[in-house]
Amino acid sequence: MSSILDELDWRGLIAQSTDRDALAAELAAGPMTLYSGFDPTAPSLHAGHLVPLLTLRRFQQAGHRPIVLAGGATGMIGDPRDTGERTLQTADTVADWADRIRGQLERFVEFDESPTGAIVENNLSWTGALSTIEFLRDVGKYFSVNVMLDRDTVRRRLEGEGISYTEFSYMLLQANDYVQLRKRHGCALQIGGSDQWGNIVAGVRLVRQKLGDTVHAMTTPLVTDSEGKKFGKSTGGGNLWLDPEMTTPYAWYQYFINTADADVVNYLRWFTFLEAGELAELEEATRDRPHQRTAQRRLARELTTLVHGEDATRSVEHASQALFGRGELAALDEPTLAAALREASVAELTPSGPDLITDLLVATGLSASKGAARRTIAEGGVSVNNMKIDSDEWTPQASDFLHGRWLVLRRGKRNIAGVQRVG
């Protein structure tokens, strides 16, 4: 039987680790408690958080106990980043975001009374009670400023506009989290993204210096696509959020269904729990029959179900099929239809019009001009609610509007837009 480290290796999920042999030996000796931290720098986690979250889940399935740490304290400070100082949020805002994120964290690991049952902590519970004197004596005394200045992000910031003491001290707070979790739960491994390596190793050193214990560190790779672009950015450039109010399940599904062939197998390794044999079959399908997009559909289905549940997955799959002419639009509930259309483009239709099909195509951006719209119609490339339009004089009747106010326009096979009747 392969070890959890072997599993992570073949999936490509280990970027760096402290003494690998020592870590493997301790994992083999019995259940280990490990943790990963998530700062509430927004009201929701985003897709980039899935790698460490799912790594916690993999460890749990292998018989180990995960701790998910909400950064109620560190979220008020902010880890230094290359783009400059973070805007400090109020304590109430961070507390609200921490509560929301805690609820999201609880979806990804199992909470029960078993030895592997997950634990949720908030680092505000110990950091908030720490006085300035205690922080400087009990934590700061163990850190060399020279070492802290050598961190890549800090060095780049110092070469630019500089860095505040607030963000400079972040490493100390994160390191102290490891000490506290070691004392409270016997935690022996911290995992995080590879950009957190310096902070995590600082925690390993602090545990050794303060408690005399040897603990471990491991990072997962920062996920980029085959073109080097950061994973998890929506088509508009924003984050792909786990909160359905911030990124709809339809938009989430579409992001993954549109994954490039060059990326889809890696994403299946990193973000799903499919076994090696099935992944090999999906890799073969992508290589031999890329037009079928079998792997992309499986990826989108797995991740939408993981984050939003089976009902949401069925709903968005029905919506996707219906919007692209392979299902019944009238069967879609209005919230799903509206969310799907808003991810494309929606033009409003007022009682005063204009409502000629050529005007609607231009208003939604499906055609650059009325002349272009007429040509597309003449070529048979326009449909409304999956019904082909053969006249450039067509106007919608009341009975054409889905749920009394929506039209679905399509140009060609994949260009979709909506019209919403208002007023």
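Every residue number used here counts from 1 along the chain in the order it is shown.
Each Cβ is built from the backbone N, Cα and C atoms, and glycine gets one as well.
Positions annotated as L-tyrosine binding site by Swiss-Prot, on the basis of sequence analysis: TYR35, TYR170, GLN174. The annotation motif ''HIGH' region' is assigned in Swiss-Prot to 40-49. Residues or ranges marked as motif ''KMSKS' region' in Swiss-Prot: 230-234. Sequence annotations record features per position, and here Swiss-Prot assigns ATP binding site to LYS233 based on sequence analysis. Here Swiss-Prot flags 355-412 as domain 'S4 RNA-binding'.
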Query raised in the report: Under the DSSP assignment, what numbers of helix, strand and coil residues are found in the motif ''HIGH' region' (40-49)?
Result: 3 helix, 1 strand, 6 coil
Query raised in the report: List, in sequence order, the same-chain residues at least six positions removed whose CB sits under 8 Å from that of GLN174 (L-tyrosine binding site)?
Result: GLY37, THR74, ASP79, GLN196, ASN199, ILE200, ALA202, GLY203
Report summary line: Between the binding-site residues TYR35, TYR170, the one whose Cβ has the fewest other Cβ atoms within 10 Å is TYR170
Query raised in the report: Which residue counts does DSSP yield for the domain 'S4 RNA-binding' (355-412) in the helix, strand and coil classes, in that order?
Result: 19 helix, 12 strand, 27 coil
**Report entry** Span of TYR35, TYR170, GLN174 around L-tyrosine - largest C-alpha separation, Å
**Finding:** 18
Requested in this report: State the mean pLDDT for the domain 'S4 RNA-binding' (355-412).
Outcome: 94
